[in-house]
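Colleague: My questions will all concern the structure given below.
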Protein chains: 2
Amino acid sequence: MNSRAIALPIGRLLILISLMMIIPAITDMFAHNADWQIFLVCAILVGGFGLLTSIACQGQGRPQNFREAILFVNTAWLVFSFAGAVPMWASELNISFTDAFFESASGLTTTGSTILTGIETLPPGILLWRALLQWIGGIGVVSLAIWLLPSLRVSGNQLFALETSETATKPYGRIAPFLFRLLFLYSYLSVSCCLLYLACGMTLFDAVVHAMTTVSTGGFSTSDASFGQFQGLSVYWVATVFMLASSVPFLYLIRSFENRRFEFDVQILLLFVLITTGAFGVLYFERFVVHDTPFHMLTLAVFNVVSVVSTTGYGANDYLQFGAPVIAIFFVLTFFGGCAGSTSGGFKMFRIAVLLSYIRVLLQRMVRPHRVIAPKYHGKRISISILEGTFVFAVLYSATFVLFAVFYLFLQMNLETALSASATALANVGPGIGDIIGPAGNFQNLPDAAKWLLAIQMILGRLEILGGLLLFTPDFWRER
Amino acid sequence: MNSRAIALPIGRLLILISLMMIIPAITDMFAHNADWQIFLVCAILVGGFGLLTSIACQGQGRPQNFREAILFVNTAWLVFSFAGAVPMWASELNISFTDAFFESASGLTTTGSTILTGIETLPPGILLWRALLQWIGGIGVVSLAIWLLPSLRVSGNQLFALETSETATKPYGRIAPFLFRLLFLYSYLSVSCCLLYLACGMTLFDAVVHAMTTVSTGGFSTSDASFGQFQGLSVYWVATVFMLASSVPFLYLIRSFENRRFEFDVQILLLFVLITTGAFGVLYFERFVVHDTPFHMLTLAVFNVVSVVSTTGYGANDYLQFGAPVIAIFFVLTFFGGCAGSTSGGFKMFRIAVLLSYIRVLLQRMVRPHRVIAPKYHGKRISISILEGTFVFAVLYSATFVLFAVFYLFLQMNLETALSASATALANVGPGIGDIIGPAGNFQNLPDAAKWLLAIQMILGRLEILGGLLLFTPDFWRER
Ligand SMILES: [K+]
Ligand SMILES: [K+]
């Protein structure tokens with residue numbers, strides 16, 4: 001294993017992070033907030049460290065094989081979470097390093113769980129920094145899904161017959177030209193979202209922050225009330241549309257833009273079925289509690305359901321007051337997530353499609369053992385390696401959920417909080433259910449050990465579990 | 001589909017049930033309890049109905065193909081649950097038919113959840129009848145695992161290289177000679193257990209009832225206090241040994257008896273690892289609450305853990321008072337279950353072994369793509385069909401658990417009760433956690449709809465889900 005080939009790209013990305021820190025520094029300087037010096041000093045420190053690393057490892061290339069790639073990705077998430085935590089820890093927020101790391105990891109993984117309260121009173125630099133972490137995390141997640149995860153056989157990108165299919169089948173190949181198109185689409189979505197938010201009456205600052213946390217399905221906001229701070233329904237629909245757009249495969253979006261036509265995709269269909277079912281369920285029980293116009297109630301129901309399914313985690317109102325069945329709906333929706341190759345997290349729709357097709361075929365085979373039937377996705381036969389990858393992921397996803405829930409129970413959380421915390425961190429959704437970590441609660445009140453475990457679980461969720469788990473197998477570290 | 005070939009064995013089994021009813025009739029007659037007439041009338045009615053069915057379908061043979069076998073098994077569980085419910089409904093218990101059906105299904109599936117309170121005040125006939133339902137249910141479950149489930153590729157019996165392997169690979173073949181040995185072993189275990197209970201100071205009646213509900217891993221008792229009614233620790237150890245014996249594959253027990261030597265089996269090893277880990281966990285937290293001799297505390301911890309893992313569900317004390325971590329341990333233990341081909345339910349150890357081996361191989365393959373590695377069980381390569389069956393079962397098991405938990409949440413149960421009820425019914429354990437359905441609670445307080453759903457879930461658990469699910473596929477009902 002060539003550790004310098006891993007250190008070089010880490011160093012380069014640290015320079016990127018340090019350049020990003022200039023943005024909140026300038027914002028806070030104009031807002032006459034003392035934190036601008038903190039951001040500037042952190043930018044110089046992180047940038048200097050990145051520069052030294054880059055110079056020391058000059059000419060070492062980049063990760064050359066699967067193991068180096070995995071090690072790079074794991075190191076990157078940890079190093080950037082630390083780097084992102086430093087300015088928040090040093091700032092006037094006056095929080096512990098555990099809290100700062102939790103907030104930073106929650107941002108970079110686009111989870112959006114927060115330990116901060118009174119968010120509307122915080123200086124603009126901090127709010128912008130949290131949003132920037134989510135925005136950069138979002139593009140990182142999509143790049144990861146295209147670059148590395150195909151070789152884990154868990155990303156589902158192999159299922160698309162794309163003109164760019166050579167990048168999907170050739171991992172760690174040259175994906176620079178493709179990344180450029182991806183970055184263009186991501187920026188295009190962000191700017192459109194921001195302009196529409198402005199048109200709906202948001203301030204420029206709110207529009208910029210929320211656009212960044214919408215397209216990354218991150219969910220950080222500028223107020224404890226999240227989207228509850230905004231008047232009028234149009235802003236909810238803009239958010240709904242862009243949360244949905246960020247939950248479909250970005251490769252699919254790029255192709256649709258370039259070919260100027262939308263094609264049918266099973267996982268997108270399933271996503272809409274799930275959202276429609278969920279929204280009707282919520283609406284049914286919302287009737288008994290909220291008394292408003294039908295369109296108002298529909299807006300809130302759709303917004304909240306899309307917010308959870310897209311793993312964004314904005315809140316329009318405290319939907320947990322709608323009673324046990326609605327809590328149940330949101331708890332179950334937490335696990336699903338959007339489509340493969342999007343910024344959303346969770347189990348993901350293509351896996352549901354693969355599992356449904358496979359189980360249907362196996363049931364048919366039992367009744368008709370002599371007929372040859374193969375599981376299909378989108379009319380194409382699903383390869384054994386994708387079936388294997390999907391089933392292993394399903395087992396690991398459940399096992400990780402249960403294991404961390406048990407850890408949280410051991411840390412004296414109650415059952416509801418423990419289960420919900422484990423689910424919301426693993427699926428990178430953000431808020432959970434219950435008094436403590438629900439939309440009206442705060443992760444601040446959890447013990448420090450729980451915050452570290454949650455941060456690890458968020459990163460595991462982003463590495464589709466396997467990407468992180470591999471580090472703990474003896475075979476990974478054995479040379480040859 | 002030849003419906004008469006299904007009706008004939010149903011009729012014969014109804015005659016068997018009616019003969020069983022004579023036993024509580026005689027018991028109640030000697031105890032001068034008026035219920036003896038109820039049991040006698042029910043015996044005559046059920047027996048007469050069975051006799052008429054048998055005569056009408058004379059010469060029709062038995063289920064000839066997979067679909068008839070599946071239909072027979074599903075019908076059998078439902079019909080016997082009804083037949084078992086009738087005397088309890090008509091007796092002086094004065095319960096609704098819903099409650100009687102729940103109690104009967106809970107008995108026949110060896111689940112052991114009860115809607116009765118003040119059990120120690122009930123007439124002996126009823127107590128004996130509940131135990132008989134569990135005892136006959138236990139032998140039914142083992143027969144099913146050997147006869148039908150291999151063709152569902154979910155039973156795990158294909159994994160044993162047995163002298164009787166032709167019966168495991170040839171479903172619905174002649175298994176009569178094998179069933180005779182099985183019945184002998186089952187009776188031998190029951191009688192030994194009964195004699196040892198007597199030696200530990202139980203009354204004859206208590207010993208008979210508890211022997212029947214121990215070897216069937218059923219868990220019905222003769223008192224609300226369950227095993228808490230007994231003095232001395234020896235009785236706990238007898239129960240522990242026989243619950244364990246009933247959780248290992250009966251084919252393995254038979255072979256060990258006949259060859260007079262025990263062989264190593266991965267799933268039995270895993271079972272002991274799980275129990276040891278669980279018992280140490282419980283003991284660790286028990287220390288803070290219970291103050292007794294170490295041996296006394298060890299006895300209670302081991303007994304309670306074995307009771308849940310073997311899916312028996314006896315209670316020694318209210319272990320839920322030991323705090324949140326202990327509740328967590330018991331909640332998680334609920335899902336596991338014992339070994340394949342035993343009377344225990346749940347996910348089962350051989351599946352854990354298969355999944356662990358498979359995931360290990362897949363991780364190795366990712367790191368070393370060019371090496372050929374195959375998942376193994378007990379040193380033998382696991383076939384693709386068993387891998388498929390195991391993964392499908394894992395997904396269906398999780399999905400069924402979640403789906404029914406959502407139903408219970410919709411019926412206004414709280415999260416803890418809903419999750420625990422779904423797990424305990426699916427795994428056929430019996431008691432759950434929380435105030436309502438925990439060891440100190442009672443299923444009586446649940447709404448009627450929940451009782452029917454729980455009964456269905458218990459039967460689904462016994463049919464390894466797939467056996468019941470097949471009925472709901474269109475392909476199953478399509479001729480040719
Ligand atoms: K999120
Ligand atoms: K049981």
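The backbone N, Cα and C atoms fix where each Cβ goes, and this holds for glycine too.
From TrEMBL, here are the annotated features:
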TRANSMEM  B:12-30  transmembrane segment
TRANSMEM  B:36-57  transmembrane segment
TRANSMEM  B:69-90  transmembrane segment
BINDING   B:Thr110, B:Thr111, B:Gly218, B:Thr311, B:Thr312, B:Asn428, B:Val429  K(+) binding site
TRANSMEM  B:127-149  transmembrane segment
TRANSMEM  B:178-199  transmembrane segment
TRANSMEM  B:235-254  transmembrane segment
TRANSMEM  B:266-285  transmembrane segment
TRANSMEM  B:297-315  transmembrane segment
TRANSMEM  B:322-343  transmembrane segment
TRANSMEM  B:387-411  transmembrane segment
TRANSMEM  B:452-472  transmembrane segment
Colleague: Do the transmembrane segment (B:235-254) and the transmembrane segment (B:36-57) share at least 3 Cβ pairs under 8 Å, sequence separation 6 or more?
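Modeller: They are not in contact.
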Colleague: Using the Cβ centroid of B:Thr110, B:Thr111, B:Gly218, B:Thr311, B:Thr312, B:Asn428, B:Val429 as the reference point for the K(+) site, which residues of the same chain not in that list have Cβ within 8 Å?
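Modeller: For the K(+) site, the extra neighbours are B:Thr109, B:Gly112, B:Ser216, B:Thr217, B:Gly219, B:Gly313, B:Ser344, B:Gly345, B:Ala427, B:Gly430.
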Colleague: Which residues does B:Thr111 (K(+) binding site) neighbour through Cβ under 8 Å, counting only same-chain ones at least six apart?
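Modeller: Result: B:Ala105, B:Gly218, B:Gly219, B:Gly313, B:Gly345, B:Thr424, B:Ala425, B:Asn428, B:Val429, B:Gly430, B:Met458, B:Gly461.
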Colleague: Could you give the residue numbers and ranges of same-chain residues that sit at least 6 residues beyond the transmembrane segment (B:387-411) on either side and whose C-beta is under 8 angstroms from one of its C-beta atoms?
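Modeller: Non-local partners: 152-154, 335, 347, 351, 354-355, 358, 375, 417-419, 421-423, 425-426, 446-447, 449-450, 453, 457, 460, 464-466, 469.
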Colleague: Would the transmembrane segment (B:12-30) count as touching the transmembrane segment (B:127-149), if touching means at least three Cβ pairs under 8 Å and pairs must be 6 or more apart in sequence?
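Modeller: When sequence-distant Cβ pairs are counted, the transmembrane segment (B:127-149) touches the transmembrane segment (B:12-30), since at least 3 lie under 8 Å.
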Colleague: Can you tell me the three-state DSSP label for B:Thr311 (K(+) binding site)?
Modeller: coil
Colleague: Tell me the coarse DSSP state (helix, strand, coil) of B:Thr110 (K(+) binding site).
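Modeller: B:Thr110 (K(+) binding site) sits in coil per DSSP, no helix or strand.
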Colleague: Residue list, the transmembrane segment (B:322-343) vs rest of chain: Cβ under 8 Å, 6 or more residues beyond ends.
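Modeller: Same-chain contacts beyond the flanks: 110, 138-139, 141-142, 145-146, 155-157, 159-160, 215-218, 246-252, 265, 267-268, 271, 274, 278, 281-282, 285-286, 288-290, 304-305, 308-311, 349-350, 352, 401, 419-420, 423-424, 427-429, 432-433.
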Colleague: Which of B:178-199, B:266-285, B:452-472 has the most Cβ pairs closer than 8 Å to the transmembrane segment (B:69-90)?
Modeller: B:452-472
Colleague: Which of these binding-site residues has the least crowded Cβ, counting other Cβ atoms within 10 Å: B:Thr312, B:Asn428?
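Modeller: If we count Cβ atoms within 10 Å for the binding-site residues B:Thr312, B:Asn428, the smallest count is at B:Asn428.
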Colleague: Just jot down the residues in the same chain as B:Thr311 (K(+) binding site), at least 6 apart in sequence, with C-beta under 8 A of its C-beta; none if empty.
Modeller: B:Thr110, B:Thr217, B:Ser247, B:Gly337, B:Gly338, B:Ser344, B:Gly345, B:Gly346, B:Ala427, B:Asn428, B:Val429, B:Gly430
